């Protein structure tokens, strides 16, 4: 080889080497925090030429799951997350190990932050709707978010940024850094469990939306396409490559709305291509809603037309199916919509600014479902009833079989009928079958494993799975894990108790239209718990003192004691919200000493929490340990707690709550500031009950309200529980007859004896022979299901209201207390009932025989009869003398005290003292 040729070869190899190094550097760009900005810029510049799309397979269904989701990798190394697709909200968030409160995923499936939170000064932080309870005091503070949804679910967390490994439709891969939420506190107060997904994929119009971020990086256009299949498949695309070039019907997005929702211009509602008279309705396209919602006028119009069409058809209304509000049943259980869709007509939305093409049509299969009971139910709901006011929402059920296009580039929405089981052509001729091609490796094999197909066909399935494990990637494994979760969940629940998920509506801004009421099953004690110190009704002197100490940053250890239901726990939680804002759940440790009273609670949970630095995603602050029912702790545990309080005073505040301060050791009491919460005044209880009654739209009579206050005995928790249970028990009657809840309904619902029953029982006790009295009270106890202890307590209240000498009252109350004590120790009710009658007579006899001025009248020789005066009414105050007869003829003489045995039972004893006349008749 000559020198010239050798020089050329060296140059060639050098150029190849440089090119190879350049390719490697371009492919493996640095991803740490110090270089991510420059990396993102390189991505942006490099991909301005791509103009590609990102396509995700979609899984899910409207019923019974109630949501559609995609699988998305996040982080480096990537971790797979299943996210609920939601065009009704902007922010994407995942469950975050920070640690996480209320998360459905195990820690191994949660996102782990790594010093990648964003400060308040970040541009995307300003796009969030910051509220007063999570302000940014310092630009360098981390950016916290709080997002609420129309089903009252919520997520609290912090904005973070990380890699999103994406495979584009043109075959290239990208790893852009995108901003999303690290959700460390999830709340789902409804009666049904939250979706088992790891979070939400926010596809709204805001700057923090994923499509907007990809657009700003130059990776894709700000266009979103989703196509949901009736078979549980579908696809989601970000970018415009899947948008058909023709056949799409377009309508403009509303320009006069400040909302970030996909709201179109006014539309007219048609049924069977005929006008319903409902026009100019605002419509929101929201994939986060399972079902479609119409306002009250539109809903009623559609429902009336459907029912009119069903006249004479083999379908009848049924109230037995709770899957949806309106359902029909056939002559036999239905298996498919094909059996009944011929009885229903197409619903159409015709938009005024619609450009060419077909209006938005909703055929019967896109607004009906077949439930597990074999009924057909209407998947269109009354939006006004759930707080959406006049707005109308098109949800997943009406998106099935339609490709919906959200074109943010041209501010329009389009739709076209499509086979959503197949992926449209993208750089190939035949498209892709989502059942095999577009899903991850091993997906078909895993689905076959759970399909329940013929065993002879799959006799080697186990071997195939075993040999094919290396071909199954993380997405297929995630699907298998989700299926296993569904199977194990079904095993834990009785078949009759399995309930389908209720309609889901996760649009963030839609919640602003008017949040719906919480679930009827939500305890009102929690629903109406005071959220701030200003909301606490009573004990203003205590509240003001604690508020002042909190404002001055001088909060001491607290000991709050008093009867239950007086606001102790609510006060501490309000203090926690004031101190920590939305992240208070991560800064407090709530324990109930009744669960575990031993020293291990102090040594393990409390000491671990007090001694470690929790990842609170915020400024460092003292933590708060809330120990409820502290008076139930053992002495050893209290002594151990004393030492922990001393050791961690600088970083932790302790709030002890209990009913009986005397059960707290003096050493603990001396280290806390004590506040006694007395029973609530009837005025405060009444005011709070009136607030709840108005908020819930209840009808309660004045006497019913008075009964609620009376039975609560100053316990707000008890009052709210009685009100809710009475409302639920009498709801059907009161709604049907437009009646108000009465005093009698309150007593009957709670099992308390009615005032008239106590008056009758007291009359028997004072005026009937023992055997007759015993028989009558036993009968009324059995017939009305009364408890002896409740009778004793009510009679005690009766005694307190009767005018009598104090020493007689004291003796009677003391004996009634003894009876109640015996009942608390487990004495049988029959024995207690007999002893109660005996003891109710004996104290009076003993006291009267010891009076200074006894007068004896032989039976039959005294011409004047005993005074005949009626008993005072229950809870009334008697302003005149009372005549009480104590018939003792059925008493065994051996049961009487020794000084009475010698007396003959053939005379009348009449003893007069003060203004009370008591007559004992011995026969």
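Each Cβ is built from the backbone N, Cα and C atoms, and glycine gets one as well.
Listed in TrEMBL for this protein:
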- 12-29: transmembrane segment (TRANSMEM)
- 50-70: transmembrane segment (TRANSMEM)
- 68-416: domain 'Peptidase A1' (DOMAIN)
- 86: active site (ACT_SITE)
- 286: active site (ACT_SITE)
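Mean pLDDT across the domain 'Peptidase A1' (68-416) comes to 89 in this model.
Residue 86 (active site) falls within a strand when secondary structure is assigned with DSSP. All protein chains included, residue 286 (active site) registers 28 other Cβ atoms within 10 Å of its own Cβ. Rounded to the nearest whole angstrom, the C-alpha distance between residue 86 (active site) and residue 286 (active site) is 7.
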